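Undergrad: Pasting in a structure now, in C-alpha cells, and then I'll have a few things to ask.
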Ligand code: IPM
Ligand code: MN
C-alpha cells in the first residue's frame, strides 16, 4: 500500500519524538511491504517565527493532500506569559482542527502492567482500566462566537454553541466504537445547568434506542470527574463536548502512570491527525530525554484508523510493551537502572520491529 504522510513536528520536544515515531513507521512499512512517502511542514510557534502564521496555507494544503498527518506538539513559553500576543501557537492547532474538519478527538486510556506503580491511584483501582474518551473537537466554547471583551476591557464573554448535526455525528461515532468494545456509552454533560448540554442529552435520548445492544449512561461532568478517579474501570466509551473533554482527558491520562504514554487520533471530514496528548515540554527540548512512546503509539493508531492496517498497528504496540518490560525507557518512566535517551528508545523499537 502507498502511504503518503504529512509530518508536522511542531515545537519543543515535537521534532525529537516525531522523528522516533517516523523511524518506527518506516520500519513497519518496510516490514509489511508498504511504500512510504512523506513531507514536512510547519505548525505552531516555529511556523509563526518563519511565516507569521501559526498554521500556514502550505501546511494546510499538504495536510489536505496527504493520507494522514503525524503531529508532535505546539507551544512556546514566550507566548504563555504574554496574554496580549495577537498570534499564538494554539491558534494554529485550532485552525488545523477546524479547517480539516476534525470533529472527533479519540483518546484511548489504558494501563501498562509495568507502569502501575507510577499511577497516583492505587494499583488495584487502575489495573485493567481501559476506556476511550471521545471529545467533540470543533464546536462548543472553543469556537463559539461572540468571544471577547467589552470596550472598557472589564467584561469578557465566550459563547458555547452546538448544533443538532454536530451532536448527532459525534454520538453516532461513540456508539460505533462502543459496538466494537464493551458496549457501554457514557454521555457526559451538564444538562442540569447548560442549554447546549440539554440539547446533547435530548439527542442522546433519541439516538440511544437505535443501538439496543449498547448500554447508555448519562452523567454530569462534575460527577464524571470524580468517577474517573474513584472507579476508572466503570467506563468503556465516554463521549462529551469540547471543553469538558479537554479537562477530563488530562485527568484520565495521568491515572495510567505517565502523560508521556497516551496517544490520540483526531478524525473527521478530511485527513486525520495523530498526535500524543501531551504538550511541547519546552524544558526538555533538545535534550534527547523526552518519552517518545505516546507519539509512537499515535503512529499505531494511524496505521489502524487511517489505513485500516491492524497488524501493523499491533506490532507497534507489541514493540512498546516489550520495551517497557525490558525497562528500556526514558527517565520519566524509569524505575531502576539507567534511563535511556529518546533516540536510544527509538533505535530499540526499530530493531525489535525489524526482528
Ligand atoms: C489539547 C490542548 C489544546 C486544547 C490546546 C493546546 C489549545 O490542551 O489538545 O488538549 O485545549 O484543545
Ligand atoms: Mn488539553
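The count begins at 1 with the first shown residue.
Cβ from N, Cα, C; glycine included.
Relevant sequence annotations retrieved from TrEMBL are reproduced here:
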type    : residues          : note
BINDING : 97, 107, 135, 222 : substrate binding site
BINDING : 222, 246, 250     : Mg(2+) binding site
DOMAIN  : 4-349             : domain 'Isopropylmalate dehydrogenase-like'
SITE    : 142               : site 'Important for catalysis'
SITE    : 190               : site 'Important for catalysis'
Undergrad: Determine, from DSSP, whether residue 222 (substrate binding site) sits in helix, strand or coil.
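TA: Helix, per DSSP.
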Undergrad: Cβ under 6 Å from an atom of ligand 2: which of these recorded positions qualify? The list is 135, 190, 246.
TA: 246
Undergrad: Can you check how the pLDDT averages out over the domain 'Isopropylmalate dehydrogenase-like' (4-349)?
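TA: On average, pLDDT over the domain 'Isopropylmalate dehydrogenase-like' (4-349) sits at 96.
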Undergrad: At the Cα level, what's the spacing in Å between residue 142 (site 'Important for catalysis') and residue 97 (substrate binding site), rounded?
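TA: The separation of the Cα atoms works out to 11 Å.
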Undergrad: Show which residues of the chain containing residue 250 (Mg(2+) binding site), separated from it by at least 6 in sequence, have their CB under 8 Å from its CB.
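TA: Expected: 259, 277.
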Undergrad: Relative to the Cα of residue 190 (site 'Important for catalysis'), which of the binding-site residues 97, 107, 135, 246 have a Cα no more than 10 Å away?
TA: none
Undergrad: Which recorded positions from the list 107, 142, 246 come close to ligand 1, meaning a Cβ under 6 Å from one of its atoms?
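TA: Among the recorded positions listed, those whose Cβ sits under 6 Å from ligand 1 are 246.
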Undergrad: I'd like the number of other C-beta atoms within 10 A of the C-beta of residue 97 (substrate binding site), please.
TA: 21
Undergrad: For residue 222 (substrate binding site) and residue 246 (Mg(2+) binding site), what Cα-Cα distance in Å is obtained after rounding to a whole number?
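TA: The separation of the Cα atoms works out to 14 Å.
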Undergrad: With H, G and I counted as helix, E and B as strand and the rest as coil, say where DSSP puts residue 107 (substrate binding site).
TA: strand
